[in-house]
């Protein structure tokens with residue numbers, strides 16, 4: 001896991017840290033990569049403790065408890081960051097004109113996720129320290145299930161609204177692209193006159209800017225004509241698209257920026273789904289364990305099967321670089337550029 005997870009997540013950090021315009025999406029992706037790197041590195045401690053046990057020199061109980069607690073923190077951080085990514089996608093897509101998140105608030109959200117992870121991990125570690133205290137065991141399981149329900153509900157709500165918003169944009173885009181296909185005008189003289197006026201206004205503004213005059217009067221009235229060719233970009237697009245005139249659109253009336261937003265949303269949605277699937281055996285194991293604590297008769301074979309399946313949670317710390325590479329062509333291109341630069345060194 002460490003062999004694949006650490007280089008892959010370091011590549012994610014290198015690619016997104018090199019972006020000239022950092023966005024909230026980039027901040028959350030890099031925070032998730034840091035959590036995955038820490039989880040992969042801490043797995044070395046688990047392997048070392050198991051080797052010591054096989055060698056007949058087990059580590060002290062206090063050190064073992066500390067390792068369990070430290071390992072639980074980055075795993076819980078990845079849970080909260082996954083929820084924040086879903087909220088960011090909802091804020092970026094469904095509230096593009098009234099955004100709540102910005103770079104400062106995104107960094108604060110990452111810090112709060114770390115603090116909450118430290119607090120949420122305490123009941124889990126107490127259950128590990130006191131394995132025969134039923135009350136502590138049930139409290140730890142209830143706390144973990146609370147975080148699981150919160151994560152599933154948030155991801156479902158946010159991506160559900162994002163899906164319907166994207167579907168609405170697609171319908172509107174197709175309708176507008178069909179409606180704007182008007183028959184060609186026969187008035188060639190009017191078209192030439194409009195072009196001459198626009199050219200004259202452009203030259204006047206350029207002359208005034210070269211002479212150092214203030215942009216008032218006629219200059220301010222002609223500024224919208226120049227800015228009309230500058231497409232309005234959202235403040236937190238996943239990547240910076242090329243600046244193109246409004247006429248430059250993809251098929252179906254979709255703009256380049258909107259298409260990029262959809263691809264980024266799809267990539268992060270797949271990441272969230274894989275996260276929940278890799279954690280599903282662990283939640284089933286907790287349900288079985290809670291039933292056993294409540295007095296239910298559980299077959300030991302079933303219990304042991306889920307006990308081994310809980311290690312699928314560590315798959316999530318490795319798989320994100322592969323998801324980004326398969327779902328995002330720009331990420332693949334950026335990774336190849338980074339690898340080429342490393343070869344030159």
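Placement of Cβ uses the backbone N, Cα and C atoms for every residue, glycine included.
The annotation compositional bias 'Basic and acidic residues' is assigned in TrEMBL to 233-242. Residues annotated as domain 'G-protein coupled receptors family 1 profile' in TrEMBL: 8-324. The annotation region 'Disordered' is assigned in TrEMBL to 233-254. Among the features that TrEMBL reports, transmembrane segment is placed at 27-48, 68-87, 108-130, 142-164, 267-285, 305-327.
Looking just at the domain 'G-protein coupled receptors family 1 profile' (8-324), the mean pLDDT is 76. Long-range contacts of the transmembrane segment (142-164) within its own chain (CB-CB distance under 8 A, at least 6 residues past either end) are made by residues 76, 79, 82-83, 86-87, 89-90, 93-94, 120, 123-124, 265, 269, 272, 276, 279, 283, 286.
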